[in-house]
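In what follows, a single structure is set out as structure tokens and then discussed.
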Amino acid sequence: MGMNKAELIDVLTQKLGSDRRQATAAVENVVDTIVRAVHKGDSVTITGFGVFEQRRRAARVARNPRTGETVKVKPTSVPAFRPGAQFKAVVSGAQRLPAEGPAVKRGVGASAAKKVAKKAPAKKATKAAKKAATKAPARKAATKAPAKKAATKAPAKKAVKATKSPAKKVTKAVKKTAVKASVRKAATKAPAKKAAAKRPATKAPAKKATARRGRK
């Protein structure tokens, strides 16, 4: 449900304890003062309630909702209202609405809204700090453990294996070269024996020649 101007005047009449004429004049004078100030480009600030001001809109292109045609809109000035901190706090429920007296007091709602805004981030910051503190040692331990194992055990074993394997290879290579050398020596000696065996064969024809001479 909404409240119109007549209903507002009735409520104001009861609160002021005056007649309807005075309440009507009060409402009209307040509205007239705000409209004239905003028209000039000034802003009307009511602490805790809000600010009435003028906003400038640049030229833009709009669309007609009925026809769908594009329409150029000239730059204009538009009245605007910015609600105050106490007004926002009361509507959102952050600040309790008093049963009696003014709903918005100067310097009361604003301080309460600031306290709520300061307390909420502080709690979040402390929780985040605690989580970071618990996670940090775990990460440090995880980084230190692999470093010790890698530094003590792994490189030593690999180094020993690396030193032993070349020694075995060298001894095997020496044995292979020794076997090859002996084979080569045997190969060089074999032709000498064959040559010695061939030499007596040349002498055999000489004996046959002497035998033939005796027969003659």
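A Cβ is built for glycine as well, from the same backbone N, Cα and C atoms used for every other residue.
In Swiss-Prot this protein carries:
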type	residues	note
MOD_RES	MET3	N-acetylmethionine
MOD_RES	LYS5	N6-acetyllysine
MOD_RES	LYS74	N6-acetyllysine
MOD_RES	LYS88	N6-acetyllysine
REGION	102-216	region 'Disordered'
REGION	103-216	region 'Degenerate repeats region'
MOD_RES	LYS105	N6-acetyllysine
COMPBIAS	115-216	compositional bias 'Basic residues'
MOD_RES	LYS118	N6-acetyllysine
MOD_RES	LYS135	N6-acetyllysine
MOD_RES	LYS140	N6,N6,N6-trimethyllysine
MOD_RES	LYS148	N6-acetyllysine
MOD_RES	LYS169	N6-acetyllysine
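Each residue contributes its Cα atom, and for LYS88 (N6-acetyllysine) and LYS105 (N6-acetyllysine) these two points are 13 Å apart. Counting only same-chain residues at least 6 apart in sequence, those with a Cβ under 8 Å from the Cβ of LYS105 (N6-acetyllysine) are GLY48, GLN86. With respect to their backbone Cα atoms, MET3 (N-acetylmethionine) and LYS74 (N6-acetyllysine) stand 34 Å from each other.
Counting other CB atoms no more than 10 Å from each candidate's CB, the modified residues LYS5, LYS74, LYS88 peak at LYS88.
Restricting the average to the region 'Degenerate repeats region' (103-216) gives a pLDDT of 47.
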